[in-house]
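Reading through the structure tokens given below for one structure.
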């Protein structure tokens, strides 16, 4: 981290599958803001996956680890794909995204869900349902069933196999992610919906009690509601505009955010950031990445949607670089490109022209130039 200047160092890790393709476009966007808007960014590219494994025996080589350690933020592409079979499980696990989340204690994952009017006809949900949809799902990311021990698969005395996992949470693990939700809600519409399954799970009983206690003690000015996860999934599809900030545990957040992606038209549209605890100066380690996976079926074809990665840059501009005007500018440019008909295959209507990954990046860059030009005309 740069402790003596305002310059932000960003480690750019394309990863696997479509990761490098979409990250190439968000890299171009960051460079535009550095060159044209004076954003104080140093970009440092690094490798992850099969290629560095074949060269070094590690999917996460030492120079990539060094780049991420020194970075204020990480721009991540994707992990996984057929090539994972060429990497031994132990090596893959040692450099997994789960291990990175744990290493940097990236406990709060923020996933904005915004329904763009330009995509109303291509989204799976009805246009009337999508009107005014703009909320954020905050997923606890470093605890819960994905990290709980004991876990495993064993053979029982009668020959049957049994798989088991452990779901567990502590007061501090719940309260710190709930605090993130309440603080964010204060900057938005002032509403938090906490999602659990407290009617059957003890971890959810504790979750609800701790979220409620924190609310009563420090955030009584924020409206708090609770939903069971099954009802929350239904409400996201039925009336997503009712939500402002939703906070939930790891596994529920994983599922609900993919469900909510349909309000945006495609997983390819969704950005995210995973935040660590603030240091004494209030700075937080942050990993920015699109929500989509590595999509090995289309990797290398140049047709992936880069907007989830590009909009992750908008989140970076707002959260890490503290440049909300530039974040809004980028979001407006994406809106402008979409309104002009720019579409990759995943968001294109039948018969519509389909842009390549590179062409969509070009469309956003052209829109940035136009938006800035109009701002100067009216200055």
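If you go along the chain as it appears here, the first residue is 1 and each next one adds 1.
A Cβ is built for glycine as well, from the same backbone N, Cα and C atoms used for every other residue.
Look at residue 230 (substrate binding site): DSSP puts it in a helix. All chains included, 12 other C-beta atoms sit within 10 angstroms of the C-beta of residue 230 (substrate binding site). Sequence annotations record features per position, and here Swiss-Prot assigns substrate binding site to 101, 111, 139, 230 based on sequence analysis.
Cβ environment of residue 258 (Mg(2+) binding site): 267, 291 lie under 8 Å away, each six or more residues apart in the same chain. Taken from Swiss-Prot, the feature Mg(2+) binding site applies to 230, 254, 258, supported by sequence analysis.
Long-range Cβ neighbours of residue 293 (NAD(+) binding site) (same chain, at least 6 residues apart, Cβ-Cβ under 8 Å): 17, 78, 79, 80, 267. Annotation comment: Swiss-Prot describes 293, 294, 295, 296, 297, 298, 299, 300, 301, 302, 303, 304, 305 as NAD(+) binding site.
For 146 (among others), the entry in Swiss-Prot reads site 'Important for catalysis', with the evidence type sequence analysis. Classification of residue 146 (site 'Important for catalysis') by DSSP places it within a helix. On its own chain, residue 146 (site 'Important for catalysis') has 98, 250, 251 as residues at least 6 apart in sequence with a Cβ closer than 8 Å to its own Cβ.
According to Swiss-Prot, the feature site 'Important for catalysis' maps to 197 (among others), an assignment based on sequence analysis. Cβ neighbour count for residue 197 (site 'Important for catalysis') (all protein chains, 10 Å cutoff from its Cβ): 21. Residue 197 (site 'Important for catalysis') falls within neither a helix nor a strand when secondary structure is assigned with DSSP, and so counts as coil.
A gap of 35 Å separates the Cα atoms of residue 197 (site 'Important for catalysis') and residue 297 (NAD(+) binding site). Taking the Cα of residue 230 (substrate binding site) as the reference point, the closest of the binding-site residues 299, 303, 305 is 305. The two recorded residues, residue 305 (NAD(+) binding site) and residue 139 (substrate binding site), have Cα atoms 24 Å apart. With respect to residue 139 (substrate binding site), the closest of these binding-site residues in Cα terms is 295, chosen from 295, 297, 301, 303. Comparing Cβ neighbour counts within 10 Å across the binding-site residues 101, 301, the minimum falls on 301. Residue 139 (substrate binding site) has a Cβ environment of 26 other Cβ atoms inside 10 Å.
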